[in-house]
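According to TrEMBL:
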type: TRANSMEM; residues: 12-29; note: transmembrane segment
type: TRANSMEM; residues: 35-57; note: transmembrane segment
type: TRANSMEM; residues: 69-92; note: transmembrane segment
type: TRANSMEM; residues: 98-119; note: transmembrane segment
type: TRANSMEM; residues: 126-149; note: transmembrane segment
type: TRANSMEM; residues: 155-176; note: transmembrane segment
Amino acid sequence: MQESFLKRHLMLSIVFGSLLMIFGIYLMFQQESFIRIFISILGLFLTGSGLFSLFSLNRYQLGKRTKIATLVKALISLGLGVVAIIVPLSAANVSWTVLLYVIAAELIFSSIILFLDALLLRKSGIIISGMLSEGVFSLVVAILLFVFPQQIGSMLLKLVGAVLIASGLAMVLWAYRIRKINRQSSTQTIEAEAVVVDEPSKD
């Protein structure tokens, strides 16, 4: 029963690994679709960031101007995030490069506000590591979007595809390796039992 379970598990690993490799190869030829997905993911990030800023605004002891700037940042993130989610899912004919530039500009604005808020709140007892992390992430993504606006989708697509192919190949090779070891172990066990049966009794 244990051996049967192992065989099923190895077979599932081989099938799942093969599907991962096929999906990885398929992704590498779906640049247009992947750019849509990537923009939607950025939209989710912007929406989440905007909502979090709105809900957290009352807890921050900020000056009037800084609070207004943070509110503007939250509303822009929320609005642009919703647009970035909806547009790729619709049939709208838009320039993805222009949309990526707009998102990059908003990310830079957000990172500046986040760094400023973190600087002003560093002595208030509020944990600012989340703000700093989001600010750094926003800044890095914005730089990548400005430097590689057209290549960013292709770069990420190839990276994700390569990871899926490598993961699938590793699963398949692991399953074949375990099956080979299991067969060798079973053969040795059978040979050992045969030796014990054939061994003459010492009467």
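Note that Cβ sites are derived from N, Cα and C of the backbone, with glycine treated the same way.
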Tertiary contacts of the transmembrane segment (12-29), as residues 6+ beyond its ends and Cβ separation under 8 Å: 157-158, 160-165, 167-172, 174-176
Tertiary contacts of the transmembrane segment (126-149), as residues 6+ beyond its ends and Cβ separation under 8 Å: 42, 49, 59-60, 97, 100-101, 103-105, 107-108, 110-111, 114-115, 117-118, 155
